[in-house]
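These come from TrEMBL:
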type	residues	note
ACT_SITE	H193	active site, tele-phosphohistidine intermediate
ACT_SITE	C505	active site, proton donor
BINDING	R300, R336, N457, D458, R468	phosphoenolpyruvate binding site
BINDING	E434, D458	Mg(2+) binding site
DOMAIN	8-130	domain 'Phosphotransferase system enzyme I N-terminal'
DOMAIN	157-229	domain 'PEP-utilising enzyme mobile'
DOMAIN	259-541	domain 'PEP-utilising enzyme C-terminal'
Amino acid sequence: MMAGTRLTGVAASEGVAVGPAFVHVSRELEPEREKISEGEVEEELGRFQGAVKAVAKELSATVEELRAGGSEKEAGIFEAHVEMAEDPEFQSEVEERVKNLESPEAAVISVGEEFAGMFAAMEDEYMAARADDVRDVASQIAVELMGGGVAGLEALSEPSVILALNLAPSDTARIPKGMALGFVIAEGSRTSHVSIMARSFGIPAVVGVGAELEDVLGASTVALDGTEGYAVADPDEDVISDFEQKQKDAAAEAALLEEYIHTEARTKDGRRIEIAANIGSAEEAEGAIEWGAEGVGLFRTEFLFMKRTDLPSEEEQYEAYREVAEEFGERPVIIRTIDVGGDKDLPGVDQPEEENPFLGWRGIRMCLDVPELFKPQLRAILRAASYGRLRIMFPMVVDTVELRAAKEILEECREELKSEGTEYGEVEVGVMVETPAAAIRAGDIAPEVAFFSVGTNDLVQYTLAADRGNERLTRLQSADHPAVLDLIGKTCEAAREAGIWVGVCGESAGEPDMIPKLVELGVAELSMSAPSIPRAKKIVSEL
């Protein structure tokens, strides 16, 4: 390894750090045995339940520690892990395999991988990143069954920059307080939990540096820039001096951004831009408000439908939506109806195999064909709307035919609740503009909705025919492309003529370089990951 070797990756959590390198090696999970005898079944089932209880207890203790330290958002992550560990569907599947003479260790690993696969196949980047959560919980149970012994991170004795192939939430929880100066990770994305945790704790992080990480594992010192997305192994004095200046500048900027957390975002000419948060569960609501969210521009509901063998009941969904509605009070919350397709299995739904599921039977197309999937969700949202300002957003709409059909079903649900004497609230209806067709024909759709929300992640890949998961097509994965900006502009123009507003809920909504362009096009709401909110407000105030 040459001194000064530079690694380039994804800027996952902004900030800079310089410090000694600490290499974390993940334990390979190989079950000590694959099979058991019939006479061992009862004993092994008991061992499995004991391991689940031990892991759930440890996770619950982590939740309490984080809450005691004021880290509510991070506590929510581990609270979700407790639920995963105790999930009856997961436990039932493992127990069934143990009864079929598979060892509990092997069963936990294989079932965990299957459940994780359901998330990994999801098109939504945030939901796909939840696969690592499932693997993390399953690995903890497997480690417990194999005698424990997770090593490494607890041994940190001085503040260090941590180098690793990947880090699970349980790994980050084991790091002694104040000992992580930064993370340089081979795998991961901005939506993986190591990135989310790093941003929440204000720890600089660069992820996705790839196999090149192996070339610097012998480094004694590492400097990393989580804002620009690179790290330098064994930097010379000039690089260290440069990074020290960056640290001073970053500290000054962080202090400045705090002033914007609880202020409204207005341009210099007085135009109001609402800054909202994207969330994927009720647990994220409180943390979003702490960052200054003025509402929820995208509540992804897919998490409620995953890792289970049956569809969630109307009551389960109602409780989740009500919790978010109550948390945000008078602040608006946009709930996107379920947006899944043939790339992942939904319990109780007969899904065809498709050569290209991302261009297939998904989103509103599936919902219109499967009322037993769609109607309970709509009823739950209407009921929860009694507790706050909920809005409904339909995904993957391409024309008024689909929109009108969805609105008819929504009206049916209203009439049903009314005739039953069940309390419900009024909701505004909007459409997610994520296909070129919806943007081109926005003038037809606009008079029939209360708002548009542009999903730039999908709009980019559908417009430019560029799979956003393909690393070779990075140049074609930006909403800054003229073709994409033209479609957003066309959407805003149609909205103005119809007297409705336009929001953006894709990654670009929180990107500093994109915010001025979106505001200039006429966007009235920007929805992003919660930690990006203060900077977005500052940028808007300077326009």
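The count begins at 1 with the first shown residue.
Glycine is no exception: its Cβ is also placed from the backbone N, Cα and C atoms.
Annotations in TrEMBL come from automatic prediction, not curation.
Known features from TrEMBL, placed on the structure.
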residue : record                           : contacts (Cβ under 8 Å, 6+ apart)
R336    : phosphoenolpyruvate binding site : L298, F299, R300, T301, M393, F394, P395, M432
E434    : Mg(2+) binding site              : P395, M396, V454, G455, N457, D458, L459, Y462
C505    : active site, proton donor        : A276, N278, G297, L298, I334, M432, S453, V454, G455, T456, S527, M528
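Packing around the residue listed as 'active site, tele-phosphohistidine intermediate' is summarised by its Cβ count: 24 other Cβ atoms lie within 10 angstroms of its Cβ, all protein chains included. Mean pLDDT for the domain 'Phosphotransferase system enzyme I N-terminal' (8-130) in the predicted structure: 82. Within 10 Å of the Cβ of R300 (phosphoenolpyruvate binding site) there are 22 other Cβ atoms, across all protein chains. As a summary of secondary structure, the domain 'PEP-utilising enzyme mobile' (157-229) carries 21 helix, 19 strand, 33 coil according to DSSP. Assigned with DSSP, the residues of the domain 'Phosphotransferase system enzyme I N-terminal' (8-130) fall into helix, strand and coil as follows: 78 helix, 16 strand, 29 coil.
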